[in-house]
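Asker: Pasting the feature list from TrEMBL:
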type: ACT_SITE; residues: B:81; note: active site, nucleophile
type: ACT_SITE; residues: B:191; note: active site
type: ACT_SITE; residues: B:193; note: active site
type: DOMAIN; residues: B:5-207; note: domain 'Glutamine amidotransferase'
């Protein structure tokens, strides 16, 4: 049976990892490479690396650094930040990314999602949606790292991204980001009901129960979290134990038998 | 041991090379078919659609040299993900005809969408799932217990004509072939190079025990 993934999100700006709240108030976390090595050693299920600089400046992704980070990553690595064209995707995959996350560019050119899916497969495209709540049971999509209102309805946009070939949806509540108050359950539930592809919940995790809730109550296929892993003593391994205790299947660590 | 990782323009090959290096092999990217000669092991990766991959293999002139390496030079071959699917006779993904696109034909069978086989769970099937060894013990799975989790990401699955070619299954609402083998040709639907320690063990088995029979 498919297990539920717990995915640390690494936000990378200039020379190191950062984390904020509400897509603002950034705090420095530390260097990127040791974090990736530690997560890899601890056999996390998957990693998401988002480059805020490339996103803000419109520069090309920093392929050299990504190649360095990907070298020691033997679990799936998703890269996001400033991805605007199919050539960049090819270079990112060459550099060691397994999937790319597309956000802002998808609003400007929705066919980008289709082109990536056709060339590299749907499994390669993680469509990322950042939203704010605008009314009860209504959420609006924001582009440019949460700074610009696109006017698009989040649920309709999630459906369109699926139709265009996205393999997964990463749904982030800007308001919950970094608050430790828990995932936006109605939001995740509405998106999970609207699409048939896996949905990764993001924004707001403050304890293990929040993860259990968004999986059991809102139907998330995976949970992403950053602040709790950076700033508290909670760990992906601890989260797995909590999920398992709640009856959610999780990946068990593999213990290699001695060579025979 | 020289291991050719076949590079026909698809996806992230860096992780596979790094994993094989960690295991003490001498992996290299084979960018032309002539480089297959003399390789002790062959690895066929793949992402994207079955039809696109077959088109790229055909265009690059890989098909006859691959058969030669496997059938005449007796080089063990491991197909990974779409690379496993390509081992079949035919695949429907991205095909122009209902009958599908012709595959490499190392393992008799067809590749079809999981929905065609009654899967009603979310697709793509993305994440870590348990594999269940089937049939006689296979050297590729030595030391890998029943229920070990591997990383999958796919919507299509292979249906071998001969049930004995399936060496492990997995469940995603419906059972499907997680690993296959015919002679010295193996395939895994999951990604060993992205499956951390379990994947390393499987690749080590392929290097150490994947001898032609």
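From the backbone N, Cα and C atoms, a Cβ is placed for every residue, glycine too.
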Asker: Who sits close to residue B:193 (active site): which same-chain residues at least 6 apart have their Cβ under 8 Å from its Cβ?
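Answerer: Counting only residues 6 or more apart in sequence, the Cβ neighbours of residue B:193 (active site) under 8 Å are B:15, B:16, B:18, B:19, B:80, B:199, B:203.
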Asker: Can you give the mean pLDDT for the domain 'Glutamine amidotransferase' (B:5-207), rounded to a whole number?
Answerer: 95
Asker: Measuring Cα to Cα, how far is residue B:81 (active site, nucleophile) from residue B:191 (active site) in Å?
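Answerer: Each residue's Cα considered, residue B:81 (active site, nucleophile) and residue B:191 (active site) end up 6 Å apart.
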Asker: Helix, strand or coil for residue B:81 (active site, nucleophile)? Use DSSP.
Answerer: coil
Asker: Tell me which residues of the chain lie with their Cβ under 8 angstroms from that of residue B:191 (active site), as long as they are six or more apart in sequence?
Answerer: B:80, B:81, B:150, B:151, B:152, B:153, B:199
Asker: Just how many other Cβ atoms lie inside 10 Å of the Cβ on residue B:81 (active site, nucleophile)?
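Answerer: Cβ-Cβ neighbours of residue B:81 (active site, nucleophile) within 10 Å number 28.
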